[in-house]
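The structure appears below as structure tokens.
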Amino acid sequence: MERTLENLDHGWWIVSHEQKLWLPKAELPYGRAADFGLTGEKALQIGLWEDAPVWLVLQKREKDMASVRQLIDQDAGLFQLAGRGVQLAEFYRSHKYCGYCGHEMHPSKTEWAMLCGHCRERYYPQIAPCIIVAIRRDDKILLAQHTRHRNGVYTVLAGFVEVGETLEQAVAREVMEESNIRIKNLRYVTSQPWPFPQSLMTAFTADYDSGEIQIDTKELIDAGWYRYDQLPLLPAPGTVARRLIEDTVARCRADDE
């Protein structure tokens, strides 16, 4: 899967180091390897975008290294490929040596994995499953400001799935821990790879069942029920959180007409 780049190799270039990628002109570079000084570098093709290959190069550039968040408002498919590249780059960087025997490892030629030639151990990229849920109560939606969101954004509740827990159990637990609310009528909506750092967001909607809001101050700054036409500052378009909010708001509005 890995190859040495030649002058005329072309496509989209994910040049990544330590969970950042190279974004000259604030966008993912497209063109020939020679155009970006990549001739002779090792690269992996990790997908196709608009019929052109997407290449991953493990390299740090002196400037224009930025978070993949800068691509979040672009096409979802391109953002997903960029996220894959950043996650794979970090996986290869952090798995140079075997955790069991300490010997140097090498990439598999057939799958996204690192192999130890000494003890034959095989490592795969770690993915952290998360849940995210929009909760409706009549014509209102539960929105919260998280401690990590200091910009005033309100969003839906989310959290990591714990060991030995189903997705449904994780939703109920996270909602209760963060807001003291019980839910019912849980429904799966969609999923979204989320490279911050290596998550897979699993999105649900649910209805309010019982309880009064009591926030976990370690996780939330504020939370409340917001009528569909009186919403606070929301997450950016392109995020699964924004989709959940918009879907819930649309149902509230339709039922109110």
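These residue numbers are counts, starting from 1, taken along the chain as shown.
In case you wondered, yes, glycine gets a Cβ from its N, Cα and C as well.
Copied from Swiss-Prot, the annotated features are:
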- Lys25, Arg69, Glu111, Tyr124, Gln192, Pro193, Trp194, Pro195, Phe196, Pro197, Gln198, Ser199, Ala241: substrate binding site (BINDING)
- Cys98, Cys101, Cys116, Cys119: Zn(2+) binding site (BINDING)
- Ala158, Glu178, Glu219: divalent metal cation 1 binding site (BINDING)
- Glu174: divalent metal cation 2 binding site (BINDING)
- Glu174, Glu178, Glu219: divalent metal cation 3 binding site (BINDING)
- 125-248: domain 'Nudix hydrolase' (DOMAIN)
- 159-180: motif 'Nudix box' (MOTIF)
Candidates Lys25, Glu174, Gln192, Gln198, Ala241 (binding-site residues) - the one closest to Cys119 (Zn(2+) binding site) by CA = Gln198
Work through the binding-site residues one by one (Glu111, Phe196, Ala241) and name whichever has its CA nearest to the CA of Ala158 (divalent metal cation 1 binding site).
-> Ala241
Once the chains shown are all counted, how many other Cβ atoms turn up within 10 Å of the Cβ of Phe196 (substrate binding site)?
-> 15
Would you mind splitting the motif 'Nudix box' (159-180) into helix, strand and coil residue counts from DSSP?
-> 13 helix, 2 strand, 7 coil
DSSP residue counts for the domain 'Nudix hydrolase' (125-248), split into helix, strand and coil | 22 helix, 55 strand, 47 coil
Under a three-state reduction of DSSP output, how is Cys98 (Zn(2+) binding site) classified: helix, strand, or coil?
-> coil
Quick note, Glu219 (divalent metal cation 1 binding site): same-chain residues at least 6 apart with CB under 8 Å of its CB -> His146, Thr147, Glu177, Glu178
